[in-house]
Amino acid sequence: MLKCNMERLEEKILCYSKFGDTGNGGITRLCLSDADIQGRKEFIRRTKELGADIKIDDMGNIYATLEGSDNSLPAIVMGSHADSVVNGGNYDGILGVLTGLEVAETIVKENIPHKHPITIMIWTNEEGARFDPAMMSSGVICGKFKKEDMLASSDIEGVTFGEALAESEFCGNIENRLDPKKCLGMLELHIEQGPVLEQHGVDIGVLEGVVGMVNYEFEFKGQAGHAGTVPMPWRKDALFAAAKALDYLHSELDKLDSKLVYTTGRILCHPNVHTIVPDNVKLTLDARHQDPEVIKQVVKVVENIPKELAKCNVSYKELWARNTVNFNKELVDAVQKSVDALGYSNMRMYSGPGHDAQYVADIMPTTMIFVPSDGGHSHCEIEHTSIENCWKGSNVLLNTVLELDKK
């Protein structure tokens with residue numbers, strides 16, 4: 001089986017760790033920041049050296065394409081994102097770009113014949129850490145978001161995405177957008193961002209899709225009062241009501257499927273003063289599972305929450321939801337065939353986090369490849385995947401591309 005060069009791949013990872021280096025082992029490479037632009041220019045420099053044709057679309061997505069022996073055939077696409085969260089790690093997103101780059105370099109330097117054009121790409125603003133929402137550019141191309149709304153999205157300093165895109169010199173032409181009619185499929189390699197592969201001692205995750213999810217905001221309305229004078233039986237403490245709601249939600253949701261994951265990641269308490277009984281609390285609930293029936297059960301639990309807790313009014317609203325996305329079976333099987341041929345241990349799985357691939361799956365055949373995350377850590381500076389596991393992932397990507405090239 002053909003394999004990539006581990007030392008070359010490691011050099012790529014080390015090179016990109018300088019773009020937005022926090023000094024603590026991680027990076028802050030926000031969309032279209034100076035660090036992001038540095039990384040984009042380096043990507044273009046390296047792919048041009050391989051003889052790739054470079055195109056940029058109107059959302060700033062970059063496409064680097066190697067010609068095939070028959071350019072009338074649809075392109076095989078690899079790629080991910082290069083932006084990060086604040087104080088993020090050196091593997092989330094960018095590893096999918098760099099393994100794609102290493103696959104392309106292996107094909108060129110080893111003179112590996114291929115019929116189809118091969119494209120490596122960078123998706124713009126996957127994280128949504130600077131400009132809401134996440135997966136912005138893939139969402140526009142796949143019809144999830146309106147372009148004009150995305151251009152108007154602003155960062156904390158009031159700079160809009162449209163302004164940043166224009167200033168970056170990475171605003172290309174709409175004609176260069178990913179065209180499903182001209183693509184055989186897309187492969188996105190990514191770190192797992194969780195502990196499952198590592199805990200099972202498995203080399204590769206063969207992705208079958210992305211789980212469905214639902215996200216709610218709950219609001220609890222009570223009555224403010226002096227912390228020293230209002231007797232406990234007379235209080236309408238909104239934070240106490242929120243605590244009771246969380247107890248209810250955990251108790252009921254834990255009765256559902258063991259693979260259900262749910263999180264309260266944001267709590268807003270008003271007036272948030274230590275001498276005042278809280279009169280208003282808002283909190284979120286994020287629930288995820290691959291089975292739509294389990295998500296329906298979550299919805300039922302939410303709908304059955306008491307309308308009054310601790311003498312406070314309880315209300316909720318759905319913030320957003322997404323259906324489970326199932327990846328293309330032919331591409332999933334091609335990944336599985338490559339993994340088996342390489343002799344790597346593997347398991348079928350669904351992704352919990354969202355990825356550009358989940359939107360792209362709506363318009364063309366798509367799948368993903370996962371490599372282990374050490375300790376399950378991600379979106380933090382200690383995020384890490386061993387170079388051996390990165391290399392194994394690149395080998396799976398290379399052989400999957402060549403398997404698809406037989407079509």
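Note that Cβ sites are derived from N, Cα and C of the backbone, with glycine treated the same way.
Per TrEMBL, the Zn(2+) 2 site holds ASP92, GLU127; the candidate it also names there, chosen from HIS377, HIS379, is HIS379. Relative to HIS379 (Zn(2+) 2 binding site), the binding-site residues with Cα atoms inside 10 Å are ASP92, the candidates having been HIS81, ASP92, HIS190. Of all Cβ atoms in the protein chains displayed, 29 besides its own lie within 10 Å of the Cβ of HIS81 (Zn(2+) 1 binding site). Rounded to a whole number, the C-alpha distance linking ASP92 (Zn(2+) 1 binding site) with GLU127 (Zn(2+) 2 binding site) is 10 angstrom. Taking the centroid of the Cβ atoms of ASP92, GLU127, HIS379 as the Zn(2+) 2 site, the other same-chain residues with Cβ within 8 Å of it are SER84, VAL85, GLY88, GLY89, GLY93, ALA129, GLN193, SER378. Neighbour density at the Cβ, taken as the number of other Cβ atoms within 10 Å, is lowest among the binding-site residues ASP92, GLU127 for GLU127. HIS190 (Zn(2+) 1 binding site) carries a strand DSSP state (E or B). Rounded to the nearest whole angstrom, the C-alpha distance between HIS190 (Zn(2+) 1 binding site) and GLU127 (Zn(2+) 2 binding site) is 13.
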